[in-house]
């Protein structure tokens, strides 16, 4: 009943006396106050609803990730009873192990022996086991690669004049970074990942693959100098030949499933084990005798089993590496922690996205908020143990998913074997590699073979990179182009402008990592994401849908979309 009708009713039930007038006045005042309170409550409720729509509940992203993934935890292990798991373990083990050792050598040389093989092996093993068993998305391979090695030795070069403990400083960098990881995860800031498109991912993928090729070349240049410091042309030339021949044969057999030779099963088998067989064969080749006896191939560096590498910068009898540093240095570590968080925010999440591309036809839910929080905890553990902090790997993460794909005879993807066993077991294998017998075996692998593996991984990654594919399309004979390609619908002008943006972004990333300013290259990654927002004003909508699309299907990023998490509640019993 409205206030006006109530007032009329009261006035009719009273005489013209003063008492009736006073009663009427009091009633009207009470109704006015009630109306005012009701309107105030309504305004507050509306404001609460508006706030709730704008800002999701703290931690709701992590809750939704866990809510989606926990029902699949049992099947993540049961589904591992599939043949695709075996070649995936072998391939992922070598793809993760050998490049990590090469980057360990970089850090060993440029941090005065602070980080070595054992630190990198322990970091990769911990990451594989933790994310294999506890991770939300076990397809994403986590370990040590180029960006974090660049970060670690750049920090060392910057703080060396401060005369402070490197491991104490890295401990506080990891502590600050862990705090920022958890803050970003619990405030649902990982939702910003929904705006990451293929443009920055392709740039970063191109950058990583070129860095792998660069690393292979750097390894070969070191083969021309003997341990005594003298030049050794025959050793260097022999190493170059082994690396290039291994690359040629490795790529030939890696791509064997595209050839018409033999049956589909045989082609798949050869392609599956090409990486492992290449490493084993060409490592054995250097022992074939003859003129090879006159060549001294440099081998991979190894150290004492399960002991820290450095005999100067940290105690040898424990993996607890923390050393006290002045309070001012604790706060000097703060901006470095921010840079590390930015690097991992982009590097890890993009690795996870690329491991869940729409063409892989995944069926199980993703996990971004929870995994980023878990990454913060592994970063903390790394600081305590004095090992490089691990994060998502490119190209290892998407390569891992590709090894699990089930294809038909025409190489079309049918499904993917989504499980936890491969990530977990390759982590255990890397941990086992820290034992003395396996370290000795590892020490028999020539550095030339490692260089060849870098070339294989880098070139194989370039062949599937969209930027390279568009360059090839642009310079192809118009009469030989695939008329069914979506790029046929893009004008040459738009193609050139878009490629200019892509190559500029790549050049910026690659250039800054080769300077003292390498610590700031995560900002270049962030800038490439921001640049993509301007494309809507530069390219026609239909062409932009072809040039810059979403990395993963909407099902994969559903917990990153604000419209899906704004009104979500903890322990909500109602399912959509």
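Glycine too: its Cβ is placed from the backbone N, Cα and C atoms.
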Item to complete: Kindly point out the range from 25-45, 46-66, 193-213, 214-234 that Swiss-Prot annotates with transmembrane segment.
Response: 193-213
Response to the item:
For Swiss-Prot, the entry transmembrane segment belongs, out of 330-350, 351-371, to 330-350
Discussion item. Using the topological domain names from Swiss-Prot, determine whether residue 109 and residue 542 lie on a common side of the membrane.
Written reply: no
Practice prompt. Among 85-105, 400-420, indicate the range for which Swiss-Prot gives the feature transmembrane segment.
Written response: 85-105
Item to complete: Have a look at 2-22, 275-295 and point to the one annotated transmembrane segment in Swiss-Prot.
Response: 275-295
Worksheet item: the transmembrane segment (439-459) vs the transmembrane segment (85-105): three or more C-beta pairs under 8 Å (separation of 6 or more)?
Response: yes
Worksheet item: Does the transmembrane segment (275-295) come near the transmembrane segment (193-213), with 3+ Cβ pairs under 8 Å (pairs 6 or more apart)?
Response: no
Worksheet entry | For the topological domain 'Cytoplasmic' (135-140), the number of residues DSSP places in helix, strand and coil | 0 helix, 0 strand, 6 coil
Worksheet item: So which residues does the transmembrane segment (496-516) touch in its own chain, when a touch means Cβ under 8 Å and the partner is 6 or more beyond its ends?
Response: 150, 154, 157, 199-200, 202-204, 206-207, 210-211, 467, 470-471, 474, 524-525, 527-528, 531, 535, 538-539, 547-548
Practice prompt. Taking the transmembrane segment (117-134) as the first stretch and the transmembrane segment (236-256) as the second, find out whether 3 or more Cβ pairs fall under 8 Å, excluding pairs closer than 6 in sequence.
Written response: no
Practice prompt. Could you pull the average pLDDT for the topological domain 'Cytoplasmic' (187-192)?
Written response: 90
